[in-house]
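Student: Sharing the record's features from TrEMBL:
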- 17-36: transmembrane segment (TRANSMEM)
- 56-89: transmembrane segment (TRANSMEM)
- 98-116: transmembrane segment (TRANSMEM)
- 128-146: transmembrane segment (TRANSMEM)
- 158-182: transmembrane segment (TRANSMEM)
- 194-211: transmembrane segment (TRANSMEM)
- 218-240: transmembrane segment (TRANSMEM)
- 347-369: transmembrane segment (TRANSMEM)
- 381-400: transmembrane segment (TRANSMEM)
- 406-426: transmembrane segment (TRANSMEM)
Amino acid sequence: MSIPKTLLSKNTLENRLLLLIFLFFFGFFILQPPLYSPDTYSYLRADITRFPGYIIYLRGLQAVFGSSFDVVALAGHLVMGYAAIVLIFKNLSNLFKLSWVAKGLLLAALVFPYFKPIEVAVNLTSEGLAYPLYLLLLSLTIDFLFRKQEKKIIHITFVYLALVLTRGQFIILGPIIGFLYALQLKRNIFRPKAFLIILLLFILPIVSAMADRTYHYIFYGYFKTTPYSYVNVVALPLYISEASDAKYFPDEDIKVIFEHSHKKLDSLQLLSSDVKGSYHEKYMRFHYNFPEICNQNIHDFGLKYYLEQGEAPGDNAFAIEAACKTITTQLVPAHFKEYLSLYYTSIIHGFKSVFILFFMVALSILSLFKVFKRFGRNSGLIFLATLLIISNAMIVAVASHSIMRYLFYNYFLGLLILIILLKKFIPRHES
């Protein structure tokens with residue numbers, strides 16, 4: 001029997017407790033005032049630099065409910081979040097036959113992002129939609145990989161597209177699922193149906209990019225992807241740059257943008273060379289000043305600069321995105337050792353400890369060897385979880401700074417890994 005069909009349909013103690021938790025959950029948060037941030041207003045303006053998913057969500061609610069849209073948006077975060085949490089909670093609980101203690105810990109980890117400091121429900125930002133979609137996608141993936149429900153590939157496709165068009169950091173999920181599916185099938189990957197499924201999973205990033213381009217063409221007239229990738233990626237290369245790096249940019253516009261951005265960072269002492277200490281100290285200067293290095297510096301100046309150069313509104317966003325791509329591709333090779341050291345330090349900061357990072361990497365390698373031999377439930381889930389945790393940390397460290405807002409999605413997976421390991425070595429603690 002599938003998990004969705006049994007979702008709170010039986011009058012069990014567990015379901016009654018989950019319902020009580022939801023009533024408290026909903027009642028507590030619906031009384032909180034919705035939190036607006038600069039991101040919120042950018043979605044309401046439908047800025048061209050924002051992914052379409054949350055724009056459609058917020059603007060759609062605003063069109064239907066008027067000035068009350070923010071409360072309805074908050075309620076939507078709660079209902080979708082609760083449904084997704086219960087779905088994956090029951091799925092994992094049944095799959096691994098978790099004890100009451102393990103269930104309680106897992107549920108706490110799943111609910112944690114709704115409380116401070118993240119507050120995904122009351123914050124009117126894309127996390128309120130992305131977190132439920134992420135949990136739903138993982139639950140479908142569990143059915144697909146561990147319950148052999150190949151028909152779920154259709155649901156996975158649509159949920160993946162909704163998620164990636166809301167938060168682009170999850171673009172790698174399709175290929176990760178495809179890789180695990182190929183490992184599971186081994187020699188059977190060339191069966192026509194299996195091969196088509198694997199192919200679909202690996203081209204999902206291309207499909208999502210085409211959907212993003214189509215959205216921008218319909219609403220803005222540009223058949224291009226959201227111009228908000230390299231304007232973030234450029235932050236770390238800019239932080240480690242030197243004034244003499246202007247020689248790498250023969251294009252006069254790009255040179256002007258680089259020189260202005262570098263001079264501003266130099267005046268604010270926001271360059272890596274201003275920090276006389278360890279890479280950790282250098283990274284922390286970058287970490288706490290990311291907006292000043294990126295959004296409030298090169299991006300804002302670049303938008304204004306290209307407008308002054310005659311670019312139309314909209315065109316200027318794509319122009320600064322292209323300029324930042326050029327700056328990034330020149331500065332990273334020029335300062336590769338410094339870049340790699342700070343990138344690695346950023347990943348460590350996200351894991352809070354180099355030992356946790358190494359533990360995850362070692363666990364991923366060991367579980368990979370196990371799934372090569374036999375795709376078991378425990379080894380397969382651990383490999384999936386470690387891949388998701390590590391890949392997200394690596395993507396976040398490239399595109400931004402390693403803050404909880406971008407990393408919290410996988411916290412419950414870290415706990416689940418520990419539960420699985422404890423079940424293996426201390427089976428008497430599990431029912």
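Each Cβ is built from the backbone N, Cα and C atoms, and glycine gets one as well.
Nobody curates TrEMBL annotations by hand; they come from automatic prediction.
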Student: Taking residues 6+ outside the transmembrane segment (194-211), which of them lie with a CB under 8 Å of any CB in it?
Tutor: 150, 153, 156-157, 160-161, 164-165, 171-175, 177-178, 181-182, 185, 188, 225
Student: Using Cβ atoms only, state whether the transmembrane segment (98-116) and the transmembrane segment (17-36) have three or more pairs under 8 Å that are 6 or more apart in sequence.
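Tutor: The answer is yes, given that the two segments have at least 3 Cβ pairs within the 8 Å cut-off.
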Student: Which range out of 56-89, 347-369, 381-400 gives the transmembrane segment (218-240) the most CB pairs under 8 Å?
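Tutor: Selected stretch: 381-400, with the most Cβ pairs under 8 Å.
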Student: What residues elsewhere in the chain lie close to the transmembrane segment (128-146), defined as a C-beta under 8 angstroms and at least 6 residues from its ends?
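Tutor: Same-chain residues near the transmembrane segment (128-146) but 6 or more away: 2-3, 53-54, 57, 73-74, 76-77, 80-81, 83-85, 87-88, 91-92, 95, 110, 113, 120-121, 152-153, 155-156, 159-160, 162-163, 166-167, 170, 173, 177, 180-181, 184, 377, 380-381, 384, 388, 408-409.
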